[in-house]
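Working notes, structure below.
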Amino acid sequence: MLKKIGILTSGGDSQGMNAAIAGVIKTAHAKGLETYIIRDGYLGLINNWIEVVDNNFADSIMLLGGTVIGSARLPEFKDPEVQKKAVDILKKQEIAALVVIGGDGSYQGAQRLTELGINCIALPGTIDNDITSSDYTIGFDTAINIVVEAIDRLRDTMQSHNRCSIVEVMGHACGDIALYAGIAGGADIISINEAALSETEIADRVAMLHQAQKRSVIVVVSEMIYPDVHKLAKLVESKSGYITRATVLGHTQRGGNPTAMDRYRAFQMAQFAVEQIIAGVGGLAIGNQGDQIIARPIMEALSIPRSSRKEIWAKFDQLNQNIYQKS
C-alpha cells in the first residue's frame, strides 16, 4: 500500500516550481500520505539527501522563485549503476513513487526509474517552454513577463536618446520567450531559432527604421543564434546610424516571484500528478492543453514534435516591415 511520495526538482530552475512542490505536499497530506523532499535533484537522490516534510513546509513557498529544495544537473544519471543506486535508496526509505519537476533530461530519468519499479510522474518545469507535450511549461509565463518589463524599460531609455537596443533572451533551442515577449513588448524586429535573421539582415532592417526616422528600435533575439550580440550591436551601429547597445538578460529571467498563472498551473498539475500516483499509475508526463490538465506516457511526451512558430513570426515580421516601409 502506498504510504510515501517523494518530490525532486531537476535541471534548470523555473518560477512556479515551489507552487508545484506545495501542490504535491498539500494533496498528498490530504490523502493521508507522507511526503519527502529530495534536495538538489537526482544528485541529492543518489546521496540520500531526503527529508520528510509536512503541510507547514508548503505554507509559505508558493510565492517564492527558484526551487526551495534545490536543483542540480547530473549527467551521470544515465549510467544504469547510478540509476540502480537511486532505486535502492528510495526502496530503503519505502518511497514507492516520485514527482519529478524539470525538463527533458529530468523526464528521461523519471522514465528510467519507473522502469526500475518506482512510479514517477513528470511535471514540465522550465522557462524555455520547450516541453512539447504541454502548451505551457511552469515558469514560462513569469519569464516572458520579466522580459516584457525589461523591454519596456529599455524602450524608455532608447526613446530618450534615439538609440537601438538588442535584447538577447533565453530559450535554449526554442524561440518562444523571444517570440511571445517580443510581440507583447512591441519589438521592432524578432529573430528566433526557426526563423533566424542573418546579422546583415538585422543591420539592414535597423537602417531602414533609421531612414524612416523611427526614434527608438528594439530587436529581440533568442540565445544560441549569434556568437556575440555585442559584436552584432557594433555591426548594427556601423550600418544603421543608431548608437546601438546589446543587453543579455541571462539568469534574471529565471528568478523572482512567479506570476499568478504559473502558480495556478503548477499547483493544478501537482494535484493531478498525486491523483495519478494514488491510482497506481507511473511513467506519465503531466501537461496542459488549452484549459485541460492532461497526462501522457513519458516516452510519448518526449517524442512529440515541436509545433512550428514560423507562421506567427511571419505575420508579425511582415506587419512590422509594412509599417516601416510605408513610413
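First residue shown is number 1, and so on along the chain.
Backbone N, Cα and C define each Cβ position, glycine as well.
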Given Swiss-Prot annotates GLY186, ALA187, ASP188, LYS214, ARG215, SER216 as ADP-binding, which of ARG155, ARG245 belongs to that site as well?
ARG155
Considering the substrate binding residues THR126, ILE127, ASP128, ARG163, MET170, GLY171, HIS172, ARG245, HIS251, THR252, GLN253, ARG254 given in Swiss-Prot, which of GLU115, GLU149, GLU223, GLU275 is annotated for that site as well?
GLU223
Write down the one residue from GLY6, GLY12, GLY16 that Swiss-Prot lists together with ARG73, LEU74, GLY103, ASP104, GLY105, SER106 as binding ATP.
GLY12
Chain-internal residues, separated by at least six, CB under 8 A from ARG215 (ADP binding site):
GLN159, ASN162
Out of ARG155, HIS172, ARG254, give me whichever of these binding-site residues has the highest number of other Cβ atoms within 10 Å.
ARG254
Could you give the Cα-Cα distance between MET170 (substrate binding site) and ASP128 (active site, proton acceptor), in whole Å?
7
Give the helix, strand or coil assignment DSSP yields for GLY186 (ADP binding site).
coil
